[in-house]
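A.B. asks: What follows is a single structure, and I will ask about it in a moment.
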Amino acid sequence: MQTYFDQLDRVRYEGPKSTNPLAFRHYNPDELVLGKRMEDHLRFAACYWHTFCWNGADMFGVGSFDRPWQQPGDALEMAKRKADVAFEFFHKLNVPYYCFHDVDVSPEGASLKEYSNNFARMVEVLAEKQQQSGVKLLWGTANCFTNPRYGAGAATNPDPEVFSWAATQVVTAMNATHQLGGENYVLWGGREGYETLLNTDLRQEREQIGRFMQLVVEHKHKIGFKGTLLIEPKPQEPTKHQYDYDASTVYGFLKQFGLEKEIKLNIEANHATLAGHSFHHELRRPLRWGCSAPLTPTAAIRSWAGIPTSSEQRRRERAGDV
């Protein structure tokens, strides 16, 4: 296996006085915070997409990165090379988790058959890498927004062929997440929204995505996946009016379709900003409703944010101070 970071030492905790730019000065994974290791509070994960898939392109130019795993050649071999560099990177950075979209780790192919075969082969590669490194999968997901077929939505698309293609991707990605021991499965509807009301049937699209999510839950139980299903709210980007705008919008959607006990929320700080909220605002709401994800605030973060921990909340409730 080719290596890429031989010249770099593994990033470790060296304390606040360290002048080493490739060292942790404040993050000590073994330090106890409120009776729990810091690593268990702050479950850092490296994402596959921005880290290994971006080629340096922007709106004004083509990709500028010269990366060995982004060269012309057999797509599956390039994906294997990408996995080599990814897991070497995880080891050097000392992160316990990683996460991916399906097409981050595997070539999409020209058909669903190619997609499924490629993904199955890469799941074998990733499983071997995980076993060798001890790095675990925090969550997997399906990219149902990049391909032009999803220009008018995936789960909300009026074309049944597009809907079924998206469903196949989600089923395959959830199966892979389950096989790799993933702790969560994320659903983010980047194209689930609309630009104008002139060609949008709001009721149909909402009912369609509601049924899609019910099918996702059914499949989770069918395969015995014990991880958590998560919806990641995000407004305005890439679709102006998105159906998963913020925590409140998503919770109303889950209640409408009887999914509030099946799906939790994965809150991202900048998505809260895009919705005009603070990160604390978006965290507090699902905490109060009981649908926050294990990946969002732990006891320590709740305390720092001024949000009561579960034990503190029970004490307040008994005292009538809520």
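Cβ atoms here come from the backbone N, Cα and C positions, even for glycine.
TrEMBL does not curate its annotations; it predicts them automatically.
Quick paste of what TrEMBL says about this protein:
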ACT_SITE  HIS101  active site
ACT_SITE  ASP104  active site
BINDING   GLU232, GLU268  Mg(2+) 1 binding site
BINDING   GLU268, HIS271  Mg(2+) 2 binding site
A.B. asks: Cα of HIS271 (Mg(2+) 2 binding site) to Cα of GLU232 (Mg(2+) 1 binding site): how many Å, rounded?
C.D. replies: 9
A.B. asks: Under DSSP, is HIS271 (Mg(2+) 2 binding site) helix, strand or coil?
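C.D. replies: DSSP assigns HIS271 (Mg(2+) 2 binding site) to helix.
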A.B. asks: Using C-alpha atoms only, work out the spacing between HIS101 (active site) and GLU232 (Mg(2+) 1 binding site) and round it to an integer in Å.
C.D. replies: 14
A.B. asks: Which one of the binding-site residues (GLU232, GLU268) has its C-beta surrounded by the most other C-beta atoms within 10 angstroms?
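C.D. replies: Most Cβ neighbours within 10 Å: GLU232.
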A.B. asks: How long is the line from the C-alpha of GLU232 (Mg(2+) 1 binding site) to the C-alpha of ASP104 (active site), rounded to the nearest angstrom?
C.D. replies: 18
A.B. asks: I want to check the contact list for ASP104 (active site): same chain, sequence separation of six or more, C-beta distance under 8 angstroms. What comes out?
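C.D. replies: The list for ASP104 (active site) reads TYR48, TRP49, PHE52, CYS53, ASN143, given in order along the sequence.
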A.B. asks: Could you check what DSSP calls ASP104 (active site) once collapsed to helix, strand or coil?
C.D. replies: helix
